[in-house]
Each structure stands twice: as C-alpha cells, then as structure tokens.
C-alpha cells in the first residue's frame, strides 16, 4: 500500500488549486483525479458508494491505517479550501482514523495553524483524545508550534490532560526541546512536577540545557525519583544538561545541610561537580561518586559519634590509687580489731 497516501495527497493538492471548486463539483473532481492517479483506491471508494466519510486503507510511513478519511488528508496538508468544501458536503468534522485521531489532531500534529483555527470555529472537539489518549494539545506541543498551543488553550484545552501513560503536553514539549511551548504551558498552570506512569517528570525527559534551566527556574524537583529509583541526572547525557542538574542539586543540598545527610550529599555533589568539570569523570559516574562520598562521610560521622560515646572518662596517669581496705577485700572497714 506504500504510495497510496501520496496518491490521495496529490489528488487533493490538485483539487485545492481548482478555482471553481465548490459543493456541487468536489466529489466529481476527486473521482476524476483519483481514477487517473490510482485505480485501486478509486475502486475501493467506488465500493464505498463514494461516501465523503469513507476511510481509505493506507500505509503512511510504515504504519497501516485501515481507515483514513479525505478530510484528515486535507487537514494534514493544510488544504483549507478543500477542508471547507468537504465539510459543506457532509464530511464529519470529528470523524476519526483507525487510531482514533480526528482532522484536528492531525492538523495540530502537522503544525497547520489555519486549519486548526478553522476546524475549531466549526466546533471541532478541542479536548478529543486520539491514539494513546493524546489530546490535540499533546500533538501541538510535540510539533512545537506555540501559536497553535496558545490558540488551543484559549479555547479551553486542558494543559494538564494526560494520555494513557499519564504524560502531559509538558512532557512532550520538554522531550522534544520546545522551549517556548514549555514556558507557555507552565505560565498557564501546567504541573512542572507531574509524573507519568513510570514516575518520570518533564525534567527526566528534558534533553536540552535551555529546557532544563526553564524547568529548574519553575521549581522542578531535581531529585525526583522515578519507579526505577532514578533521578533526572541518571538519564542526562549532554554535558551542559549534567552540569545544570549538578548545580541545581548542589544548591538544593546546601539548603538541607543542617542535617548530616544533607552535609554528606552536599559534599558528594561538590566533589562530583569538580571532577566532572575538570573531565576526570563522565556523567555516568556522577551518581556513584555522590553515593560513595555520602556513605564515606556518613561512616566518619557515625565513627566519631561512637567514639565520643565510648571513650574513657579519665586520662592516663589520672587514675586514683585503690584504698588498702579495698585491696584487702574489706569495703567499708578501715582497721582490723586486735
């Protein structure tokens, strides 16, 4: 089926360029073009009585779709005029593909701002969920178009909506390095420390320094632990990201240094920062260095405390001589009667 999507896309591209396209001729024009471009798809549609909402069987980038309507193809490619006319002849604005995604979902994922605005003006569901429970906002955040994200939130999109893995739009934006989207979502109340089903926050997913810095400024927990016991630092690969996370961990440890554990962590973090900065250790060894230093420091603290509790109360040479009565085993008796 490879190439069939391209055939339909080409048909609709041709239709979009037609100056006389209208409600009365759009179906006929698509039929004519499709018959010329792809006989297989034409016959499939013919069997479906040329229904405007017919879902074509297509392969897109290696993914098999058993249902892919014309409206979604037009929306994905930004064919505004064709979208409008298809709606005029009965295309269902909330019709879904075989993965439950609507034309609005696809338009947002492909960055088609004009189409997004048009579909919502025609009452498309702004909070509809598609594949894996992703909302339109999830898709827009992934694509990284701030203008679409802004428009969706202005129309009531939930910034903290979660997909089937409990991931929010902020997770997607952080993962794909969409800085402006990250900043905007947080300004609209996105939970910076929201965790997905694996316990990962947006900070765990962030792979770029500028994203990490934004999240940290907005109080992302640098020590957040996922279900595998790992913090964002454990996943960091980029040296700038590692440094930013270490600096944040150092500051946080400094605030907790009133207790021994905090001092140990602070010391470990400080040493790790120094070793990493000078190139002596790699990012993968940082958690080990912090742990070893913390354990060693804790052992020293415990050892010193134990010594203070158990050390002798007198010094060498200061012990008193025992009395003669005690030496003779006569405690309390100072003399023996004659």
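Placement of Cβ uses the backbone N, Cα and C atoms for every residue, glycine included.
Please treat TrEMBL annotations as automatic predictions, because they have not gone through curation.
Taken from TrEMBL, the feature repeat 'ANK' applies to 71-98, 99-131, 132-164, 165-197. What TrEMBL records for 263-282, 288-310 is transmembrane segment.
Over the repeat 'ANK' (71-98) the predicted model carries a mean pLDDT of 97.
Assigned with DSSP, the residues of the repeat 'ANK' (99-131) fall into helix, strand and coil as follows: 17 helix, 1 strand, 15 coil. DSSP states for the repeat 'ANK' (132-164), grouped as helix (H, G, I), strand (E, B) and coil, give 19 helix, 1 strand, 13 coil. For the repeat 'ANK' (165-197), the DSSP counts in helix, strand and coil order read 16 helix, 0 strand, 17 coil. Per DSSP, the repeat 'ANK' (71-98) is made up of 15 helix, 0 strand, 13 coil.
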